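A.B. asks: My questions will all concern the structure given below.
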């Protein structure tokens, strides 16, 4: 499809399909902003959060958000939580510093993969995975290796549509402080846009890229969006090319 379509028209057409969505990792920075944008855009008829604890919201806009509390160590016991969703967004993730090497791999690979398997079995058609710039299953760095491994494993599940997002350093104000991240964000925030955009990206831009992508017609089963593509798609306002 060569011609561009108005983004507003794509969103409206998508809303008319009354699709349901689940979010994994809604308590994290990206998941939190993603939920906010989903509700503001009104793209889905049903929104479900799947997590290890119930989240508390004061705003009226969140009153119809469904929540499924699961034990990620026993996900097979919670298969019903993953049933009946058209679209899924996975923003699960921790760090080696917080969870240790084994704990990091457990969350970022094992939990993500098992969740994807249950989502596929439950009827999910479009699975969106938040990964990382430089993800490579052959990498010597554990973080990038695990990210690359889970990307490949989820692809093997053969979702009707599978979108992988590889942002650079996420520019945000975390509710949870991680040592060194403030300094990194400050560094990238002071660089010229042309250089910083190749290595960093605001969380809200990542989220908007995810949602702009979900409403546009797919042109292939597996989509891999690197940092520059995330910037371009996340800043689109008027039109999109599929």
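Just so it is clear, glycine is given a Cβ too, placed from its N, Cα and C backbone atoms.
Checked Swiss-Prot, it gives:
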- 143: active site, proton acceptor (ACT_SITE)
- 147: active site (ACT_SITE)
- 27, 28, 29, 30, 52, 53, 92, 93, 143, 147, 178: NADPH binding site (BINDING)
- 2: N-acetylalanine (MOD_RES)
- 2-25: region 'Required for interaction with elongation factor EEF1A1' (REGION)
A.B. asks: Between the Cα atoms of residue 52 (NADPH binding site) and residue 147 (active site), what distance do you get, rounded to the nearest Å?
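C.D. replies: With distance taken Cα to Cα, residue 147 (active site) is 21 Å from residue 52 (NADPH binding site).
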A.B. asks: Round to a whole number and give the Cα-to-Cα distance in Å for the pair residue 27 (NADPH binding site) and residue 143 (active site, proton acceptor).
C.D. replies: 21
A.B. asks: For residue 52 (NADPH binding site), just count the other CB atoms lying within 10 A of its CB, please.
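C.D. replies: A 10 Å sphere around the Cβ of residue 52 (NADPH binding site) contains 11 other Cβ atoms.
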A.B. asks: Return the residue, from the listed recorded positions 27, 92, 143, 147, with the maximum count of other C-beta atoms within 10 angstroms of its C-beta.
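C.D. replies: Answer by Cβ density within 10 Å: 147.
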A.B. asks: Around the Cβ of residue 29 (NADPH binding site), how many other Cβ atoms lie within 10 Å? Please give the count over every shown protein chain.
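C.D. replies: Taking every protein chain into account, the count is 19.
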A.B. asks: On the 0 to 100 scale, where does the mean pLDDT of the region 'Required for interaction with elongation factor EEF1A1' (2-25) fall?
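C.D. replies: Value for the region 'Required for interaction with elongation factor EEF1A1' (2-25), mean pLDDT as a whole number: 87.
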A.B. asks: Using C-alpha atoms only, work out the spacing between the residue listed as 'active site' and residue 92 (NADPH binding site) and round it to an integer in Å.
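C.D. replies: A Cα-Cα distance of 11 Å.
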A.B. asks: Using DSSP, how many residues in the region 'Required for interaction with elongation factor EEF1A1' (2-25) fall into helix, strand and coil?
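C.D. replies: For that range the per-state counts are 9 helix, 7 strand, 8 coil.
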